[in-house]
């Protein structure tokens, strides 16, 4: 409104916004649209400044109008479907940005606070700035929607019985957290464990999975007769023996272990427990007594989108393995 050329323009000659603070403070493109529409009503009803107060040459300019916080809020209520009125901070942010972009000036400064001042606003220029703010807020909202929710994680550990009490208090126990994780499964549980002989609590939690209708997939190693590990094979057999016939239909075990002329060629080494595709344990602990009670083992509990990638890897290896 000082008549100075704007420092930047869009391709069609429209001045480019120089202050994007309203997008950060108000954020909602819908709210910014309501404010723009309320502001436009000043031009619709012929509201304008008197000739002596108009900028530059003193002539009456129907695009320059007088606004204040209470008047703009009245128009928001009367002419839009806005469910929130402007706060003093939001109004101050808007007019400050309009002034910075040469679309407004302070008109009546006799009030006790800046938010209660009256401002002269160039409607055409202000509408252009609002359009740019709305576009930016819309893009910001779209980008935010595309961002995955963060994955939450927490540390778990197995420590020797006589470990420092401070260390024990710093982390949750692996065995208890695995039991809790398995008990939370509703649809499917995926278990990767090279060696398999869990303590009673985890054993009972695994047996209970198919009994309550949870599909259970176990990926382990050396349980085929040709090159079986007797302890792991016995643990798998014991799990099946403790299940009802109907539950066994939901319990599937596969063996990922291959030997060649030179010895082992591939085998499972990962340790993971994944439930419902949304929560999992990844860590060093095998599902054997010592790893769950007296070894030094570290692991991480995860919940969130990253678990989907763990599922993809597990399923690929499960398909590769041999049914037992």
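Backbone N, Cα and C define each Cβ position, glycine as well.
What you are looking at is a predicted structure, and each value in this text was computed from that prediction instead of being measured.
The compositional bias 'Basic and acidic residues' annotation in TrEMBL covers 1-11.
TrEMBL lists 50-62 with the feature compositional bias 'Low complexity'.
The feature domain 'PLD phosphodiesterase' is assigned by TrEMBL to 264-291. Mean per-residue pLDDT, taken over the domain 'PLD phosphodiesterase' (264-291), amounts to 94.
Taken from TrEMBL, the feature region 'Disordered' applies to 1-23 (among others).
Look at TrEMBL and you will find 41-63 (among others) tagged as region 'Disordered'.
Note on the domain 'PLD phosphodiesterase' (264-291): DSSP counts are 3 helix, 15 strand, 10 coil.
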